[in-house]
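**Q** Got these off TrEMBL a minute ago, pasting:
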- TYR185: active site, nucleophile (ACT_SITE)
- HIS215: NADP(+) binding site (BINDING)
- 9-319: domain 'NAD(P)-binding' (DOMAIN)
Amino acid sequence: MTSAPSAVITGITGQDGSYLTELLLEKGYTVHGLVRRSSTTQRTRLDHLFHNHEIYNKRLFLHYADLDDTTTIRRVFVRTEPDEVYHLAGQSHVGASFEIPETTCQFTAMGTLKLLEILRDLNKRPRLLHISSSEVFGRPDKAPQTEATPMRPVTPYGIAKAFATQMVSLYRESFGLFACNAICYNHESPRRGESFVTRKITRAAAAISLGQEDHVTLGSIDAQRDWGFAPDYVKAMWLMLQESEADDFILATGTVNRVEDFLAAAFDAVHLDWRDYVRQDQAFMRPSEVQRLVGDPSKAKRVLGWSAQTTLPELAARMVEHDLKVLRSQPEQVASTAKSNGKS
Ligand code: GDR
């Protein structure tokens, strides 16, 4: 009898980490999550699993390990001998990367290199999925972008991701690691952090419709992005590690929209006109902005049989519906979170 497959997930407490954990548990995996040692670590996305006694500490385990703590991470790998590693952790906010470029590079770039070095030395090497980003393309010459589009990042976050992405390819080619980059375009969900533009908008639309807020302040609303639904994307990440050859894939919808289109979809869901409630502030503009990113997911479709299933209006409506529910059940908490949405 073969034993159940096992996986390590870095960044398990994030949006993607939580959906991926659910997917892997459904598939019978034992899941080991690496979490930062911090008194304020947010784990609400996984609470339902921690409270499940059939799962927590039976098939789902947490290990404290910062991304730069190589000794501890190595120990986790030696002890757990995972079949697969999903490397999702890092400083994921592009706007914030201008304010904390060193931290961004330390975790996103060097954290990935340190992980690769650990994997290279293991006797039993797991397969690695690294979550890369459309930000590596920066201001590309060509749209939509493919796996062959040159990287021209223009943000500290994009530069750190480009470094990590190229290191993953290098370790695959030079050291024979089964290591893949999932070059993900924006992917959202009700579990998205509130400082990202989609969730900030859906929360605000919900709060405004319930009379708890009267406006939302944003930065650039003509920026164009390719927005998909996060649970669709974690399925592709898993599929990538089931292939016989390690390879990189663009994960995207192939459809581009403006922030304005997302605003319209979210406010439509509560029957309001977004133009009456949106203010703009320089504080939310970035020193260097990626204006338009859209991916060509045809390789993922051809090789993995994967395609994004959720349209932008469906995505926005689903997120607004969730925020309305939360807001109605915890009005004070949600209103104060929305107010304290810092510079992002
Ligand atoms: P992005 O997502 O930078 O594309 O990175 P984000 O939601 O932060 O911004 C999308 C676009 O909206 C504009 N914008 C604002 N953004 C934020 N956060 N807050 C605002 O108030 C606001 N107003 C306008 C931004 O300028 C930008 O053009 C996301 C992250 O998940 C990355 O980790 C990931 O790699 C990429 O998507 C793919």
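All positions are counted from 1 along the displayed chain.
The backbone N, Cα and C atoms fix where each Cβ goes, glycine too.
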**Q** Given a separation of at least six residues and a C-beta threshold under 8 Å, show me what packs close to the residue listed as 'active site, nucleophile' in the same chain.
**A** SER134, ARG225, ASP226, TRP227, GLY228, ILE250, LEU251, ALA252, THR253, LEU293, VAL294, GLY295
**Q** Once the chains shown are all counted, how many other Cβ atoms turn up within 10 Å of the Cβ of HIS215 (NADP(+) binding site)?
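**A** I get 11 for this one.
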**Q** Tell me, by DSSP, whether TYR185 (active site, nucleophile) is helix, strand or coil?
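**A** Coil, per DSSP.
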**Q** According to DSSP, collapsed to three classes, what secondary structure does the residue listed as 'NADP(+) binding site' have?
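**A** Reduced to three states, the DSSP call for the residue listed as 'NADP(+) binding site' is coil.
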